[in-house]
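These notes concern the structure reproduced below.
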């Protein structure tokens, strides 16, 4: 462990030195002309035409950030447990480097594109440099920062909106300029505004009420990127290349994983229009609490992918992955109707992407955890509670006290509390949690006799082609990702050099004027995509072969479970009383959060919230009021 910590610190130090040297190099470099590039001088001294002018520009823009991404993969593979000031500074330099260089680059790439342009394009291009990092779900950049993609999606929205405004301003100023100079004929060349549909449909009201419209129009980003590169030239677009390159690798790996049909062996139907889906997974797939997974059901929609929080624990339930889905939209309503119909189907085809989640969690640092949820927001807390059950029962470690405050609209929603405990692999005698549940039913009184209807469990018969959910790149996924980044970029540089040496150079004889920039941009995009496809496909297929062996072992285990009955059965659910200190149900009002939080006397209390925005802001205000120094606010809520 000590040697591993030393290696991790050395990796962070190396990354920090690389980026400090990178920035200093550009501070002292001459900026007179675009051709004053240090690599060009070296290449010209050796009479080399292998890369031409584009290779060095792409190399110094892209290599340092891809290098830090590879170092981040090694760092995460070694199992970092804490976030340090050094790593935050290092990651900040990764994303700050395009900004530090943007002013100097603007002088150079402007000459390549043949125009200086209005400042709106430069600012928009700077936004594009950051735009793809938050949506690169499997990147090593965000975990090193202690961030997740779902928690950073707001930055993607902000940057996208700012870029749309700046690009619109850029175009508007040109229209005004052409109007004053009697050149309105130029308008026909710049009327392709594919960014507007993407931007307009991202507004919360449109996105939530017409999600399909938002989802389908967002694919126009592909056309936007193509037209942007054609418009500005590949040199100017190099500023956004590092983030785009990592995004393309992640997107292609997600595509490969999404082609697999996963094994859904059962579903539990609750009386509150909620279902729990139980998938088979390989033991090599591990994830942390609050992780999410994207689910696609082709029979409902072939294009829609929806994220759900994983409620199972990879240690407590090594061969099962579970999610809870509540009817809150058209897609979830259709899924619920299919599964809960009086004549349920015996097989449901499902594909997944993920899981994605935090690289580390550290809930044990608190003396007490206060979990405040609203409706389906309880799902991330179920995963945390199961993790604490594993730690206490298996590792015999001390766990914090837990107070779960759940707010529901109706009495039937209380049935979700039955899903807090796993259905197997847990013995109530192995150690009890200090868990207290305070449930609030806001729209009904307490005149309920007896209990709600019991849940139903439907068993499915998986097809022979269905496979357990497994990590796309195997148990050593971070190392494989680092190998894909480095090998694909090497392939890209070699192919770019061959293209320049044998196609571009014979045409323009290194004058940088004759060969079409549009053709160069097209070929560069094709080479980038080809390099990523070759490297990522090889790594994916190799690990798929290894996962197939483990999948065969799971088939025999699941056959005994699914052959028990093709009819509806009821799983044995451990009583909540086996691990809870008390369960109190309150009717007709909301919880007094300020009173509840102020009455807690423990010295270190984590206030975790997964609830609507208004309640979330109330808890944040209480924790930051200064009246209670022992409260530490943490939001687990996110909005796609």
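Just so you know, glycine gets a Cβ as well, placed from its N, Cα and C.
Residues annotated as transmembrane segment in TrEMBL: 12-29 (among others).
Residues or ranges marked as transmembrane segment by TrEMBL: 57-78 (among others).
Residues or ranges marked as transmembrane segment by TrEMBL: 157-180 (among others).
Summarising the annotation, TrEMBL assigns transmembrane segment to 219-249 (among others).
Positions annotated as domain 'FAD-binding FR-type' by TrEMBL: 257-362. For the domain 'FAD-binding FR-type' (257-362), the predicted model reports an average pLDDT of 89.
Sequence-distant neighbours of the transmembrane segment (478-503) (same chain, 6+ residues past either end, Cβ-Cβ under 8 Å): 49-52, 54-55, 58-59, 62-63, 66, 69-70, 73-74, 76-77, 138, 140, 245-246, 249, 253, 523-524, 527-528, 530-532, 534-536, 539, 543. Feature annotation from TrEMBL assigns transmembrane segment to 478-503 (among others).
According to TrEMBL, the transmembrane segment annotation covers 523-542 (among others). Long-range neighbours of the transmembrane segment (523-542) within the same chain, counting only residues 6 or more positions beyond its ends whose Cβ lies under 8 Å from a Cβ of the stretch, are 54, 226, 229, 234, 245, 248-249, 252-253, 256-257, 472-473, 480, 483-484, 487-489, 491-492, 495-496, 499.
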